[in-house]
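Asker: This is the structure, below, for whatever I ask next.
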Amino acid sequence: MRVTVLAKGMTDIICDHSPPFQLSTDPSSGSSRRCGGQGDITSGLAGVYIHWINQANNTSDNDKDQLCNKLAWAGYLAAATTRRCNEIAYDEHHDGMLASHMLERIQEAFRGLLNGNTKEATATTGEFEYAGLLSKDEIGRYARQMIMEEFGPQRQANLKKASALIIGAGGLGCPAAVYLGAGGIGCLGVVDDDRVEASNLHRQILHNMEKVGELKTESIKQAVLAINPNVKVVAHSVKMNRHNAVDLVEKYDIIIDCTDNLLTRYMISDACVIAKKPLVSGAALKMDGQLTVYNYDDETPCFRCLFPEPPPPNAVGSCSDNGVLGVLPGIIGVHQALEAMKIAAGLRPAYAGKMLLFDGQLGLFRHATLGKKKPDCGACGKDAKLGRDLIDYEKFCGQVCSVDQKSADLLDPEERITVEQYGDILRSGKKHVLVDVRPREHSNISRFSHALQLPVMFMLQNQDETIKTIRTELSRKETNEIYVVCRRGIASQRGARLIQQLLAEEPDLSGVVVKDIIGGMTSWAKHGDPQNYSCV
């Protein structure tokens with residue numbers, strides 16, 4: 001009889017295994033014990049087969065196919081289970097938690113099989129089939145999240161097969177990288193061309209003083225691998241730009257935007273639309289943070305759906321200009337890792353179509369519902385003409401992208417001087433006006449005592465008062481030369497250009513020479529003459 005032959009074959013498979021576990025053969029029992037005698041699970045499974053064989057010998061031919069299917073499921077389940085149980089024998093390393101969990105799932109499946117229900121067996125065999133993709137070391141490492149009913153071995157195996165790209169190796173990128181790496185993502189890419197500075201360390205927690213001067217991507221790679229050597233970490237130590245963005249993005253399953261400027265956000269979102277990748281986007285500024293998931297499915301909007309036109313450049317802030325409390329990027333970065341991990345594991349992210357808003361001052365988490373994809377969106381709309389080379393984002397946003405700030409020149413070379421040249425001016429005693437265009441929160445920390453404090457935002461909003469103040473200072477110092485300084489030499493270029501435009505409308509001031517200082521206060525501290533001309 002074919003049922004008997006099938007049962008005999010399956011029993012032979014099981015009898016080749018003698019795992020060190022016990023499994024109760026009583027279908028009504030819900031208990032499972034660790035470290036039992038050899039062969040107990042084998043005899044229990046054989047007992048189930050004998051029950052079905054006896055039933056098969058006394059049943060009609062019409063029911064024999066159904067019984068064959070039952071036996072096949074039980075054999076598949078037994079073979080997969082006993083193979084895994086032999087691998088994950090109880091030891092002190094992970095306290096047998098996963099083994100206990102697996103045995104409980106086996107009991108549930110057999111109780112269902114005895115009642116003619118193959119659905120539970122199907123789920124269980126699939127679960128252990130995925131568990132077979134994980135090594136013994138990985139099972140021990142991830143056991144605490146694998147025993148979760150909401151996660152399990154299948155989700156863990158999905159995570160191992162997935163890849164994620166973190167763009168920005170700073171305050172958001174560090175916590176996102178460490179939790180994705182520790183959690184078992186298969187491949188983690190990190191994009192950034194910047195190097196570690198001491199001023200990064202209050203918020204970029206994977207770097208340390210020994211890494212100052214090193215590439216941030218390499219620093220993160222070393223830190224993640226030190227925690228979990230099973231993860232593949234790829235350091236992309238390059239600037240992301242319109243020409244390489246799509247090429248970088250399409251290599252990975254999930255993209256995580258950990259940058260802090262508007263231009264890069266547009267560029268990353270557009271690249272994800274082209275490559276059809278979900279985008280986990282986070283931001284942290286001062287004591288506030290936000291997070292959302294763009295481009296997750298056919299209804300989830302992209303960044304450009306929500307913001308078709310960029311705001312004015314003077315309305316855009318970044319942590320480098322406006323500051324950030326160190327813990328804020330950590331809070332948002334961890335949430336980015338959570339959303340990315342859920343997507344990789346096959347779970348729906350909580351913030352696809354929603355935005356998380358965190359108020360660090362009040363300690364409040366809120367969320368807002370976002371609109372759906374816009375049919376007329378310039379990036380993901382049905383008539384969008386976005387290509388792989390994307391667009392000129394500096395022209396689109398009217399400002400310089402931070403990934404290119406170090407090489408960006410808004411002024412002509414003859415309109416700029418180095419910090420060494422400014423040091424010569426100070427030593428010579430040459431009369432001039434120095435304008436510090438940084439926000440007062442910056443200049444209150446350290447500034448030249450002889451500098452005139454005129455933040456860019458103040459000059460934009462108070463143009464008449466700005467002209468009056470500059471005219472008075474030029475007259476008092478009997479000079480027609482103005483030098484403009486900021487923190488890094490970016491805002492000073494905008495400030496110098498603005499002053500030039502304001503003075504050009506004044507006949508008595510049209511001949512004033514306005515130049516900016518390359519590299520700003522940061523460069524002065526390194527290459528200027530801070531010992532003889534210190535800042536207060």
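In case you wondered, yes, glycine gets a Cβ from its N, Cα and C as well.
Pulled the feature table from TrEMBL, pasting it below:
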- 1-113: domain 'YjeF C-terminal' (DOMAIN)
- G171, D192, S199, N200, L201, H202, R203, K216, D260, N261: ATP binding site (BINDING)
- C302, C305, C377, C380: Zn(2+) binding site (BINDING)
- C319: active site, glycyl thioester intermediate (ACT_SITE)
- 428-533: domain 'Rhodanese' (DOMAIN)
- C486: active site, cysteine persulfide intermediate (ACT_SITE)
Asker: Could you give the mean pLDDT over the domain 'Rhodanese' (428-533), rounded to a whole number?
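Answerer: PLDDT averaged over the stretch: 87.
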Asker: Could you check which of the recorded positions C377, C380, C486 is the closest Cα neighbour of L201 (ATP binding site)?
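Answerer: Nearest listed residue in space: C486.
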Asker: Counting all other Cβ atoms within 10 Å across every protein chain shown, which of the recorded positions C302, C380, C486 scores highest?
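Answerer: Comparing the recorded positions C302, C380, C486, the most crowded Cβ belongs to C486.
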Asker: Under a criterion of Cβ-Cβ distance under 8 Å and sequence separation of at least 6, what residues of the same chain contact R203 (ATP binding site)?
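Answerer: R203 (ATP binding site) has long-range Cβ partners G170, G171, C174, V324, G326, V327, L328, P329, G330.
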Asker: Which one is it, among the binding-site residues S199, D260, C302, that lies nearest to C486 (active site, cysteine persulfide intermediate) by Cα separation?
Answerer: S199
Asker: From the DSSP assignment alone, can you count helix, strand and coil residues within the domain 'Rhodanese' (428-533)?
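Answerer: Residue counts for the domain 'Rhodanese' (428-533) by secondary structure: 48 helix, 16 strand, 42 coil.
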Asker: Name them in sequence order: residues not among C302, C305, C377, C380 whose Cβ is within 8 Å of the mean position of the Cβ atoms defining the Zn(2+) site.
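Answerer: The surrounding set, listed in chain order, is S269, V273, N295, P301, F303, R304, K373, K374, G378, A379, G381, A384.
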Asker: I'd like to know which of the binding-site residues G171, S199 has the most other Cβ atoms within 10 Å of its Cβ.
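Answerer: Answer by Cβ density within 10 Å: G171.
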Asker: Applying a 10 Å Cβ distance cut-off over all chains shown, what neighbour count does D260 (ATP binding site) have?
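Answerer: Around D260 (ATP binding site), other Cβ atoms within 10 Å: 24.
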Asker: How many whole Å apart are the CA atoms of C305 (Zn(2+) binding site) and D260 (ATP binding site)?
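Answerer: About 19 Å separate the Cα atoms of these two residues.
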Asker: For C377 (Zn(2+) binding site), which residues of its chain lie six or more apart in sequence with Cβ-Cβ distance below 8 Å?
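Answerer: Long-range Cβ contacts: P301, C302, R304, C305, P308, A384.
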Asker: Taking only the Cα atoms, work out how far D260 (ATP binding site) lies from C380 (Zn(2+) binding site), in Å, as a whole number.
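Answerer: A Cα-Cα distance of 23 Å.
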